Amino acid sequence: MASTDKPDPEAIKSEVPQPPPPAPLRRDYFAVDVGLRVFLFATTLTAIVVMSTAKQTELAPVPGVPGLRVPVEAKFNHSPAFIYFVAALSVACLYSIITTLASLGVIAKPIYATKFLFYYALWDVLMLGIVAAATGAAGGVAYIGLKGNSHTRWTKICNVYDTFCKHVGSALAISLAASVVLVLLIMLSVCSLYSRVRRAE
(Lines of atoms letter the chains of each structure in order from A and count residues from 1; the text may use other names and numbers.)
(Lines give C-alpha, C1' and ligand atoms only; values in the text may rest on other atoms or scores of the structure.)
Protein backbone atom coordinates (compact mmCIF):
# COMPACT_ATOMS: atom_id res chain seq x y z
CA MET A 1 0.00 0.00 0.00
CA ALA A 2 1.42 3.35 -1.03
CA SER A 3 2.29 5.79 1.67
CA THR A 4 0.07 8.82 1.93
CA ASP A 5 2.54 10.82 3.97
CA LYS A 6 3.20 14.21 2.42
CA PRO A 7 6.66 15.74 2.69
CA ASP A 8 6.93 18.51 5.20
CA PRO A 9 7.28 21.86 3.34
CA GLU A 10 9.45 23.23 6.14
CA ALA A 11 11.82 20.28 5.76
CA ILE A 12 12.07 20.91 2.02
CA LYS A 13 12.86 24.58 2.62
CA SER A 14 15.54 23.66 5.11
CA GLU A 15 17.18 21.33 2.57
CA VAL A 16 17.42 24.04 -0.11
CA PRO A 17 20.91 25.54 0.09
CA GLN A 18 20.84 29.18 1.03
CA PRO A 19 22.84 31.66 -1.05
CA PRO A 20 26.08 32.69 0.60
CA PRO A 21 25.99 36.00 2.43
CA PRO A 22 27.81 38.89 0.77
CA ALA A 23 31.47 38.87 1.55
CA PRO A 24 32.42 41.55 4.05
CA LEU A 25 34.79 44.16 2.74
CA ARG A 26 37.84 44.79 4.82
CA ARG A 27 37.94 48.30 6.21
CA ASP A 28 41.65 48.70 5.58
CA TYR A 29 40.84 49.11 1.88
CA PHE A 30 38.93 52.27 2.64
CA ALA A 31 41.53 53.38 5.17
CA VAL A 32 44.12 53.32 2.38
CA ASP A 33 41.58 54.95 0.07
CA VAL A 34 41.07 57.82 2.51
CA GLY A 35 44.82 58.31 2.83
CA LEU A 36 45.30 58.45 -0.94
CA ARG A 37 42.41 60.87 -1.37
CA VAL A 38 43.80 63.17 1.30
CA PHE A 39 47.11 63.08 -0.57
CA LEU A 40 45.24 63.82 -3.82
CA PHE A 41 43.68 66.86 -2.15
CA ALA A 42 47.10 68.05 -0.97
CA THR A 43 48.75 67.65 -4.38
CA THR A 44 45.96 69.28 -6.37
CA LEU A 45 45.64 72.19 -3.95
CA THR A 46 49.42 72.73 -3.96
CA ALA A 47 49.55 72.65 -7.76
CA ILE A 48 46.72 75.20 -7.95
CA VAL A 49 48.45 77.56 -5.51
CA VAL A 50 51.84 77.25 -7.21
CA MET A 51 50.42 77.84 -10.69
CA SER A 52 48.17 80.70 -9.54
CA THR A 53 51.13 82.51 -8.00
CA ALA A 54 53.22 82.20 -11.17
CA LYS A 55 53.89 85.86 -11.86
CA GLN A 56 56.99 87.82 -12.83
CA THR A 57 57.72 91.23 -14.35
CA GLU A 58 60.89 91.89 -16.33
CA LEU A 59 62.20 94.62 -18.63
CA ALA A 60 61.90 93.55 -22.24
CA PRO A 61 63.24 95.31 -25.35
CA VAL A 62 60.78 96.92 -27.74
CA PRO A 63 61.16 95.58 -31.29
CA GLY A 64 62.33 98.29 -33.69
CA VAL A 65 63.35 100.70 -30.93
CA PRO A 66 66.95 100.02 -29.90
CA GLY A 67 67.79 100.68 -26.27
CA LEU A 68 64.18 101.00 -25.13
CA ARG A 69 63.04 98.46 -22.55
CA VAL A 70 59.60 98.34 -20.97
CA PRO A 71 58.28 96.22 -18.08
CA VAL A 72 56.41 93.15 -19.33
CA GLU A 73 54.53 90.87 -16.97
CA ALA A 74 54.18 87.10 -17.30
CA LYS A 75 51.20 85.53 -15.51
CA PHE A 76 49.54 82.15 -15.65
CA ASN A 77 46.26 83.63 -16.92
CA HIS A 78 48.00 84.87 -20.06
CA SER A 79 47.82 81.30 -21.39
CA PRO A 80 44.54 79.41 -21.94
CA ALA A 81 46.38 76.15 -21.24
CA PHE A 82 47.42 77.35 -17.78
CA ILE A 83 43.89 78.60 -17.06
CA TYR A 84 42.53 75.19 -18.02
CA PHE A 85 45.17 73.60 -15.79
CA VAL A 86 43.99 75.56 -12.76
CA ALA A 87 40.32 74.89 -13.55
CA ALA A 88 40.85 71.15 -14.05
CA LEU A 89 42.84 70.73 -10.86
CA SER A 90 40.24 72.77 -8.97
CA VAL A 91 37.64 70.22 -10.06
CA ALA A 92 39.94 67.38 -8.97
CA CYS A 93 40.55 69.09 -5.63
CA LEU A 94 36.82 69.45 -4.97
CA TYR A 95 36.31 65.84 -6.06
CA SER A 96 38.95 64.65 -3.59
CA ILE A 97 37.15 66.40 -0.72
CA ILE A 98 33.78 64.87 -1.61
CA THR A 99 35.14 61.35 -2.06
CA THR A 100 37.21 61.53 1.12
CA LEU A 101 34.07 62.33 3.11
CA ALA A 102 32.23 59.54 1.27
CA SER A 103 34.97 57.04 2.13
CA LEU A 104 34.79 58.01 5.77
CA GLY A 105 31.06 57.39 5.62
CA VAL A 106 31.62 53.95 4.10
CA ILE A 107 34.03 53.07 6.91
CA ALA A 108 31.23 53.88 9.36
CA LYS A 109 28.57 52.03 7.30
CA PRO A 110 30.28 49.39 5.12
CA ILE A 111 26.97 48.09 3.74
CA TYR A 112 27.35 50.48 0.77
CA ALA A 113 30.99 49.58 0.12
CA THR A 114 30.51 47.71 -3.16
CA LYS A 115 28.47 50.48 -4.79
CA PHE A 116 30.97 53.11 -3.75
CA LEU A 117 33.90 51.07 -5.07
CA PHE A 118 32.19 50.76 -8.44
CA TYR A 119 31.40 54.48 -8.64
CA TYR A 120 34.91 55.37 -7.47
CA ALA A 121 36.43 53.30 -10.27
CA LEU A 122 34.33 55.15 -12.87
CA TRP A 123 34.78 58.66 -11.51
CA ASP A 124 38.48 58.22 -10.77
CA VAL A 125 39.08 57.25 -14.41
CA LEU A 126 37.20 60.36 -15.54
CA MET A 127 39.14 62.55 -13.13
CA LEU A 128 42.44 61.01 -14.26
CA GLY A 129 41.58 61.93 -17.85
CA ILE A 130 40.83 65.53 -16.86
CA VAL A 131 44.02 65.96 -14.83
CA ALA A 132 46.21 64.22 -17.41
CA ALA A 133 44.78 66.34 -20.25
CA ALA A 134 45.35 69.55 -18.28
CA THR A 135 48.90 68.51 -17.39
CA GLY A 136 49.69 67.65 -21.00
CA ALA A 137 48.27 70.90 -22.35
CA ALA A 138 50.12 73.02 -19.80
CA GLY A 139 53.28 70.97 -20.29
CA GLY A 140 53.27 71.63 -24.03
CA VAL A 141 53.08 75.39 -23.50
CA ALA A 142 55.71 75.23 -20.77
CA TYR A 143 58.10 73.33 -23.06
CA ILE A 144 57.78 76.02 -25.72
CA GLY A 145 58.53 78.63 -23.08
CA LEU A 146 61.61 76.65 -22.04
CA LYS A 147 63.00 75.67 -25.45
CA GLY A 148 61.13 77.82 -27.95
CA ASN A 149 60.35 76.67 -31.49
CA SER A 150 62.63 77.81 -34.28
CA HIS A 151 60.30 76.53 -37.02
CA THR A 152 57.44 78.78 -35.94
CA ARG A 153 59.76 81.50 -34.58
CA TRP A 154 58.41 81.18 -31.07
CA THR A 155 61.17 82.39 -28.81
CA LYS A 156 61.84 80.90 -25.40
CA ILE A 157 61.07 83.03 -22.36
CA CYS A 158 62.41 81.01 -19.45
CA ASN A 159 65.84 82.58 -19.85
CA VAL A 160 64.16 85.87 -18.88
CA TYR A 161 61.20 84.82 -16.71
CA ASP A 162 63.05 82.24 -14.66
CA THR A 163 60.89 82.48 -11.52
CA PHE A 164 57.69 82.25 -13.54
CA CYS A 165 58.93 79.13 -15.31
CA LYS A 166 60.01 77.54 -12.03
CA HIS A 167 56.49 77.97 -10.68
CA VAL A 168 55.00 76.44 -13.82
CA GLY A 169 57.43 73.52 -13.77
CA SER A 170 56.80 72.84 -10.10
CA ALA A 171 53.02 72.90 -10.61
CA LEU A 172 53.34 70.44 -13.49
CA ALA A 173 55.48 68.08 -11.42
CA ILE A 174 52.96 68.16 -8.57
CA SER A 175 50.08 67.51 -10.98
CA LEU A 176 51.95 64.46 -12.28
CA ALA A 177 52.05 63.21 -8.70
CA ALA A 178 48.28 63.77 -8.49
CA SER A 179 47.86 61.70 -11.66
CA VAL A 180 49.85 58.86 -10.11
CA VAL A 181 47.63 59.02 -7.02
CA LEU A 182 44.54 58.71 -9.22
CA VAL A 183 46.05 55.67 -10.94
CA LEU A 184 46.65 54.08 -7.53
CA LEU A 185 43.07 54.85 -6.49
CA ILE A 186 41.72 53.19 -9.64
CA MET A 187 43.87 50.11 -9.03
CA LEU A 188 42.74 49.98 -5.40
CA SER A 189 39.05 50.16 -6.32
CA VAL A 190 39.35 47.51 -9.04
CA CYS A 191 41.39 45.15 -6.86
CA SER A 192 38.96 45.61 -3.97
CA LEU A 193 35.99 44.80 -6.20
CA TYR A 194 37.77 41.76 -7.64
CA SER A 195 38.65 40.51 -4.17
CA ARG A 196 35.06 40.93 -3.02
CA VAL A 197 33.70 39.00 -6.03
CA ARG A 198 36.17 36.17 -5.47
CA ARG A 199 35.17 35.84 -1.82
CA ALA A 200 31.49 35.83 -2.75
CA GLU A 201 31.89 32.88 -5.14
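Sequential numbering from 1, following the chain as shown.
Cβ atoms here come from the backbone N, Cα and C positions, even for glycine.
Here Swiss-Prot gives transmembrane segment for one range in the set 104-124, 125-145: that range is 125-145. Among the stretches 81-101, 125-145, 168-188, the one making the largest number of Cβ pairs under 8 Å with the transmembrane segment (30-50) is 168-188.
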